[in-house]
Structure formats: structure tokens, C-alpha cells
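*Asks:* Quick paste of what TrEMBL says about this protein:
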type     : residues : note
ACT_SITE : A:Ser72  : active site, schiff-base intermediate with substrate
MOD_RES  : A:Ser72  : pyruvic acid (Ser)
ACT_SITE : A:His77  : active site, proton acceptor
ACT_SITE : A:Cys92  : active site, proton donor
There are 2 protein chains.
Amino acid sequence: MGGRARGVRRGGVGRHLIVEMYECDPLALDSVEAVKTALLDAAVASNSTVIGYEFYRFKPHGISGYVLIAESHISIHTWPELGYAAVDVFTCGEHTDPWKGLDMLKERFKARKMTILEIVRGIGAEDYVGYWSPAGALTGARAVR
Amino acid sequence: MGGRARGVRRGGVGRHLIVEMYECDPLALDSVEAVKTALLDAAVASNSTVIGYEFYRFKPHGISGYVLIAESHISIHTWPELGYAAVDVFTCGEHTDPWKGLDMLKERFKARKMTILEIVRGIGAEDYVGYWSPAGALTGARAVR
């Protein structure tokens, strides 16, 4: 696995979609296989690179899981008994499109209602004036802060 | 591992803190051990139960990581060269306090500046009128939506 997709620029490091999915298909929300496949496919749809993932099914129902991508993460927590899922699609880099990942998830879970909040992460981070050496060795006295 | 911490109530299923940490200690942001320990300790501080975790270090620098908790998740993506970390602390259930987890992370990363957005997740989810059987068997024709 190589370097991170960064795309640091004025205007933040990435886009984070905070998504409330209501009135979803409860069966899909309670199937580890369906949820896992949906999130992995969403990673591909958003043009992200999968690093790892983990999914867990609660008893008696509900699933939590995430896909760690080189460009940040996609996560989900489902309440099938409420037809509800808390979804986050957070991707960095100009080559990614979190909205395409979200389209995939909406389709798979058959969400009839959604609220979406798009947050640009890392605004102002590029103004950092601290010392940092890419080799990992910080310079001088500033190495100890 | 037992049931999920739910605490479904009017006013959502949980609280999600979207945190921008600026002017952090870049060494801490580039150490897998430091980041992993900080997030696991934050899970404990917020009174959450850890289900799993994964941390990945990019080349030449930067870490992404995730702690899956029974109450949702804590995640981080760091840009040590910018002194910046994108942090999420999302906990469900009345027994948890995401702010205590955040205090821990702020201390460990020595963040000098933060912006925090608190989002109540799942507002209105309790109004769901769909069919759902805890046993997993949906009733009648509604099983196929």
C-alpha cells in the first residue's frame, strides 16, 4: 500500500457526508453480508481504495461496521427495528466522490428518506506553520513541544 | 458480546462529535502506538465497550484508524505535516459521554485549537412504523419490499 490520497488544498482535506437513512429495508440492515457488500461497493463507487474493514452483528439485531479506505472511511450503524441507519462517507482527494458512494448505499438499503449533511474537513489545516520533516525527524527545540 | 447499547428515545439514538484538531503534536499524530492507545483510552473514558479496531500508517506519514465500539465508533485520520487530525467520536446510549472521550484525545494529541460539531444522530427514527420482528422474520407481504 503506497501513500495516502491527500489533495491538501485551500478548502479542506476532504468531504464528509453525515447521512441519516430512514425507512430502509430492515432485512438489508440486518444482514452482515448485505451491509458489508454495500459498503465495499460504495468504496469502489466513490473511487476509493479499501485498506480494511470490519462488521459486527449485534444480538438480537443491528449491525455496526466500517470500511477503512486510503481516503478516510465509510461507516454504518443500523437499527433494523427502526428502519434506520447512521451512515458516514468521508473521502479525501480530488479523485474521489463520496456522493457516488452514497448513491450506492441508498440503493442497496432502499432508503425512502434521507437527510444529508456535507462537511468539508480540515479547513485551514494548510495554514499550519509548525515544524515537520517528512523523514520523521523534527528540527531543533520544537521537536519537544 | 451481548446486545447493543441502544437508548432509543425521542431526540435520537446517539451523539456524534465531529472534531477538527489543529496544531497538534505532530509526533503523536504519526505514531501508530500513540494514536491507537489514545483512541482505545478514549473509548474507555467515554464509557464505551470496544469491539474491534484497526490502525494503518501511510507512507511517508499519516495514520488512519478506527475503534468499533458497541455504542458506534471513534475514528481518526491524521496529517502530521499539517498538525491536523480529523476525529469522530460517535456514541450511543445514555451511559456514554463522547465529550469525555474527546477530552482524552485532546490531551494526548496536545491540540491547541479545535472546532467541534455535535450532531444528534437518528432524530425521528423512533417514529418508524414499518414491520419488524425481533426474531428476524418479517410478517406477510411486507417481507418483500
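Each Cβ is built from the backbone N, Cα and C atoms, and glycine gets one as well.
All TrEMBL annotations are machine predictions without curation.
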*Asks:* Hey, what's the Cβ neighbour count for A:Cys92 (active site, proton donor) at 10 Å?
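*Replies:* Within a 10 Å radius of the Cβ of A:Cys92 (active site, proton donor) lie 28 other Cβ atoms.
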*Asks:* If one measures from the C-alpha of A:Cys92 (active site, proton donor) to the C-alpha of A:Ser72 (active site, schiff-base intermediate with substrate), what distance in angstrom results, rounded to a whole number?
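*Replies:* Taking the Cα atoms only, A:Cys92 (active site, proton donor) lies 6 Å from A:Ser72 (active site, schiff-base intermediate with substrate).
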*Asks:* I want to check the contact list for A:His77 (active site, proton acceptor): same chain, sequence separation of six or more, C-beta distance under 8 angstroms. What comes out?
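*Replies:* In sequence order, A:Gly62, A:Ile63, A:Ser64, A:Ala85, A:Ala86 meet the Cβ cut-off.
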